[in-house]
Amino acid sequence: MYSEKFSAHVREAVEEARMASEEVQVIVRFHSTASQRSIGRLAAGAGTIKVNQEYRLIPATALSLTAPALDELTDSDDVAEVWLDEAVHILLDVSTPHIRAPQVWEQMGNDGEGVTICVVDTGIDATHPDFAGRVGLTADFSGKGSAVDGNGHGTHVASTAAGTGAASGGKYIGVAPGATIMAAKALADNGSGRMSNVMAGLEWAAQNGADILNLSLGSRGSSDGSDALSTMCNTIVEMGKIMVVAAGNSGPRQSTIGSPGAAERVITVGASNDQDSVARFSSRGPTADGRVKPDVVAPGSRIVAARAAGTSVGQVVDEHYTTASGTSMATPHVAGLVALMLRADTGLGPIEIKKMLMATSVDINSSEYGQTEADKYIQGDGRIDALTAVQYAESGQQPPPHKPSLPVPSPPSPSPSPPIGCMAAPLKLLKLL
C-alpha cells in the first residue's frame, strides 16, 4: 500500500487520514522543476487536490489531498519524496550575560548598518518606535493578509536582533541596531503554522535581499534534518545566505532538537541563562542521526524587548516592552551578531561565519567558574562573544582552531575607527528582571 517514497512518519499520518476519511497535508519533492510544474497543474485541475504552496528554490509543492489521491500521485516516477507538512510553533518558554556587543559599537563603530535580517515569525509591529526607519520589506504567508504581528513573538525577536531602543531611551537596544529588518509572517497570531508557510517565507526572504534569516520556531520531537523545512534551510545556506535557527525548548532531555534546528548547514542556537550557564529548557543534542547540535548558545532567559501593540506575550513590562524566555530569544542575539560580522567584512560566507562564531565562543561550563560540566550536545562550542567574533571578522584572520575557555583570549587588534554616537549607551536589552 505504501510507497517507499514515504517515511514512517508520513505513513502514520496518511493512515490516520485514510481511516478518518480526511485530507492529509504533505510536501512533495519532485525530481525536476519540469515535473513539479506539470504535476502541479494536474493537481490543481483535478479538484480533489489543493496546491497550498509551490517553491522555486527546491522542486517541491505543498498539497492537501486524500490518502487515495496521494497513493496515486506517488506512483508517478516524477515524485522523489513525500514529506509531512508538519505543524511548527514559536519557541517561547514563558540579562545581559557578557556577549560584549556595546564594545563592538563603541570601539569599532559597527552597528550592523547595511545588513538585512529577515525574521520569519508571527510578523512585526512596524509602528513600534524601536523600528522607526529600520523596517524594509514585509510579506504575509499565514493567510492573514498582512504582516502585522497579532501575537508579539516576531516583534520581540526582531527587536532583540536589531531594535534601536528608542522607546526606552536606548535602554533596551538590540544587538545590531543599525541593521535593516525584513519580516515574513509565516505563523498565525496563535503562534503556530505549517512548515509549508514557513518555507514560502524563507524562499521569499532569500530572493528579496535578506542577508540573514532568523527562525525562532520549530517542530516538536527529535529530527535528523532530512525533512522539508530543513532541506529548504540547507538550500538557502548553499545560496550564500546565513540561517540562524532556534534549538528548541525541550531540555534538559537529550536528543530533543527538532526541525529546522537539526538542519546541518544552519547555525543552531541554544539558550544560556542569567547565571551564564545553559538554560534548563534549552534543547539538547545529538540530532536523531547522531550529529552534534546546538552549535552555540546565547542569552535566552528573561529577555526584555519590544512589545507589539495590543499583545501580551511573556510578562509585560510597560506599553512598549515585554519580557520573554526561550531559545526564540537566544536566536536573534546570534542573528544580530552575524550582522555585525558582515558589516565588518561583507565577503564572509556562511561557512566562514559559522566557523568563526563557534571558534570564538566561550565555554560557559568551565569548572574554573564553578559550573556543572556540559558537553557539546548541551552548549555546542559555547556562548557567543560578539567582540572577539567581530574583531576576527574585521582583521581577516581566522581564529585559533581550539575553542577558548574563560577568560577570552585577546584577538588581533582591528584598525581603529570612531565610535558611533548613538551607540554609546551600554547594551541592556538582556537586563534581568
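Including glycine, each Cβ sits where the backbone N, Cα and C put it.
TrEMBL annotations: computationally assigned, not manually curated.
Among the features that TrEMBL reports, domain 'Peptidase S8/S53' is placed at 112-368.
In this structure, D121 (active site, charge relay system) is part of a beta strand by DSSP. Annotated active site, charge relay system per TrEMBL: D121 (among others), in sequence order.
What TrEMBL records for H153 (among others) is active site, charge relay system. Counting every protein chain shown, the number of other Cβ atoms lying within 10 Å of the Cβ of H153 (active site, charge relay system) is 29.
As annotated by TrEMBL, active site, charge relay system applies to S328 (among others).
Annotation comment: TrEMBL describes 395-421 as region 'Disordered'.
For 398-419, the entry in TrEMBL reads compositional bias 'Pro residues'.
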Just the number: how many Å between the Cα atoms of S328 (active site, charge relay system) and H153 (active site, charge relay system)?
9
Suppose we draw a 10 Å sphere around the Cβ of D121 (active site, charge relay system). How many other Cβ atoms does it contain, all chains included?
31
